[in-house]
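A.B. asks: The following block contains the structure, expressed as structure tokens.
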Amino acid sequence: MGLEKSLILFPLLVLVLGWVQPSLARESPAMKFERQHMDSDGASSSSSTYCNQMMKRREMTKESCKPVNTFVHEPLADVQAVCSQENVTCKNGKQNCYKSTSALHITDCRLKDNSKYPNCDYKTSQYQKHIIVACEGNPYVPVHFDATV
């Protein structure tokens, strides 16, 4: 009797896991924000090759060259705290953007004019600027990097 139950339940388990697992592997908007914009230690951000290395490592040059990206060199908790700071209008007109109250250490990566995929070549520039992020969810966390000011 136990073997019969196992033979029935095992295929059901395989079906359920096959259905559930892909959704577990999907990257949430908050996880994507962290992958694309957070580099808390940022130890080598002063290197001229920082953007080339990080853009590749963080998978932003896989199918095309992402034209612009900003990395924030502050603790994740500090960037998440921006979601409770000054509410501002996003570039797309939505009202879920927030501006940091203090300037943060960032690295701006911009694709050079003569750069072509798959040889993505970026200009690396360091700044201390206020950031604007779009926030969503519960907990309310950054899901989109909107601008720097």
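Note that Cβ sites are derived from N, Cα and C of the backbone, with glycine treated the same way.
Take a look at what Swiss-Prot says about it:
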SIGNAL    1-25  signal peptide
BINDING   Lys32, Arg35, Lys66, Pro67, Val68, Asn69, Thr70, Lys91, Arg110  substrate binding site
ACT_SITE  His37  active site, proton acceptor
DISULFID  Cys51-Cys109  disulfide bond
DISULFID  Cys65-Cys120  disulfide bond
DISULFID  Cys83-Cys135  disulfide bond
DISULFID  Cys90-Cys97  disulfide bond
ACT_SITE  His144  active site, proton donor
A.B. asks: Would you measure the largest Cα separation among Lys32, Arg35, Lys66, Pro67, Val68, Asn69, Thr70, Lys91, Arg110 for the substrate site and round it to whole Å?
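C.D. replies: That value is 22 Å for the farthest Cα pair.
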A.B. asks: Specify the nearest of the binding-site residues Lys32, Thr70, Arg110 to Cys120 (disulfide bond), where nearness means the distance between Cα atoms.
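C.D. replies: Of all the candidates listed, Arg110 is nearest in space.
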A.B. asks: So if I measure Cβ to Cβ from Cys65 (disulfide bond) and keep only same-chain residues at least 6 apart in sequence, which ones fall under 8 Å?
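C.D. replies: When sequence neighbours closer than 6 are ignored, Cys65 (disulfide bond) has Met55, Leu111, Ser115, Lys116, Tyr117, Cys120 within Cβ distance under 8 Å.
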A.B. asks: Among the recorded positions listed here (Arg110, His144), identify the one with the smallest other-Cβ count within 10 Å.
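C.D. replies: Across Arg110, His144, these recorded positions, the one with fewest Cβ atoms within 10 Å is Arg110.
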A.B. asks: If you measure from the C-alpha of Cys109 (disulfide bond), which of the recorded positions His37, Val68, Cys135 fall inside 10 Å?
C.D. replies: Val68
A.B. asks: Among the recorded positions Val68, Cys83, whose Cβ has the fewest other Cβ atoms within 10 Å?
C.D. replies: Val68
